[in-house]
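Features of the protein shown, as given by TrEMBL:
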- 5-26: transmembrane segment (TRANSMEM)
- 20-68: domain 'NADH-Ubiquinone oxidoreductase (complex I) chain 5 N-terminal' (DOMAIN)
- 32-56: transmembrane segment (TRANSMEM)
- 68-85: transmembrane segment (TRANSMEM)
- 85-361: domain 'NADH:quinone oxidoreductase/Mrp antiporter transmembrane' (DOMAIN)
- 91-109: transmembrane segment (TRANSMEM)
- 130-150: transmembrane segment (TRANSMEM)
- 190-208: transmembrane segment (TRANSMEM)
- 220-238: transmembrane segment (TRANSMEM)
- 245-265: transmembrane segment (TRANSMEM)
- 271-291: transmembrane segment (TRANSMEM)
- 312-331: transmembrane segment (TRANSMEM)
- 351-378: transmembrane segment (TRANSMEM)
Amino acid sequence: MLSMLLYILSASYLLEWLLIMVNSISMEVMLLIDWVSLLFISFIMLISSMILLYSFVYMKSDKFIKRFIFLIILFVMSMVLMIISPSIISIMFGWDGLGLVSYCLIIFYQNYSSFNSGMVTVLCNRVGDVGLLMVISLLMVSGSWNLMLYPYEGKLVAFMMLIAAITKSAQIPFSTWLPLAMAAPTPVSALVHSSTLVTAGVYLMIRFNELLMESELNKILFFLSVFTMFMSGLMANLEVDLKKVIALSTLSQLGLMMMILSLGWKMVAFYHLLVHAIFKSMLFMCAGTIIHSMMNNQDIRLFGNLKEVAPFVMMSFFVASLALCGFPFMAGFYSKDLIMELVYSINLNYYMLLFIMVSLLSYSLKLSWWFSLLIFMYI
């Protein structure tokens, strides 16, 4: 309600605390309260509260459940700090908090696979952290680290921000860590892939989209995002691990959001980000229940008789999958229909348009094939 009121009034509030001032360089903590940040935070709180309730049941047999819940809360707080921060210093606190806590969550099971996955994840994300540190050093000459006050003409600053965004949102060539992050418990996957870690880069580009467009780096982002969509859709068709198929669909959706941002439609990207957060968290929570029902087996070739074992979960998963595929009158349909209409209206090359549509539909074929087997016959 508050975000709607701020939108109607076109109002925003900036809270600032001065920490240190040396000559002309000042370090302050800033909080930006507007309808975009409040709406995104409300979605994060809704999804994270549902995932916390789910975690109490999913992780009830784990002796370190209190540590797990503490890490989840810390993870959400880091994301909220990043969302309401216009200053690169406070963004860095939230950004690094996400990276550090995500590493702790990925290695939660403390086995060989999770340690390797955590190491790849943290190393890939360090590249983005270097980009943000370079932005901090470059902004020192302007006398303030508030990016909202920075004139949108610095190509080097824009390039470093782009590097930070594509590493956190797992765009090619930094997409390796996202499927490996499936080593984390399923509630973590639901939170990471819906509204927190991977959406941090997208949100950064939404906030500073003018910086990207003025620097003309959007052309680079366009081709990277389209190639990410295509490769993730292709890999999803060759994958048999249920959680990795869903993870690769997340990668494709992130590519779609980045493609929209490269064309300058940041509010359309924000709308799809919110819609995607809802059905992706539902997909992962249903997937976790299915895996438990199948005695911790994640190979979709060995799933069978799920409509008898868990009919409600199966139907919920089916509805969320239809939303992911953009089935008419589902949540994902409205955002994807708007995106395709806008892409078609800019007279994009016919072959590029076809390439984008195939990239979006490829992983949908995998889910449709799997469901046709599960619903209409026993495996």
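Cβ coordinates are placed from backbone N, Cα and C, and glycine is handled just like the others.
Heads up, TrEMBL stuff is auto-annotated, nobody curated it.
Here the transmembrane segment (190-208) does not touch the transmembrane segment (312-331). Their Cβ atoms form fewer than 3 pairs under 8 Å, with each pair 6 or more residues apart.
If you count C-beta pairs under 8 angstroms between the transmembrane segment (312-331) and each of 68-85, 91-109, 271-291, the highest count goes to 271-291.
Note on the domain 'NADH-Ubiquinone oxidoreductase (complex I) chain 5 N-terminal' (20-68): mean pLDDT across this stretch is 81. Secondary structure of the domain 'NADH-Ubiquinone oxidoreductase (complex I) chain 5 N-terminal' (20-68) per DSSP (helix as H, G, I; strand as E, B; remaining residues coil): 28 helix, 12 strand, 9 coil.
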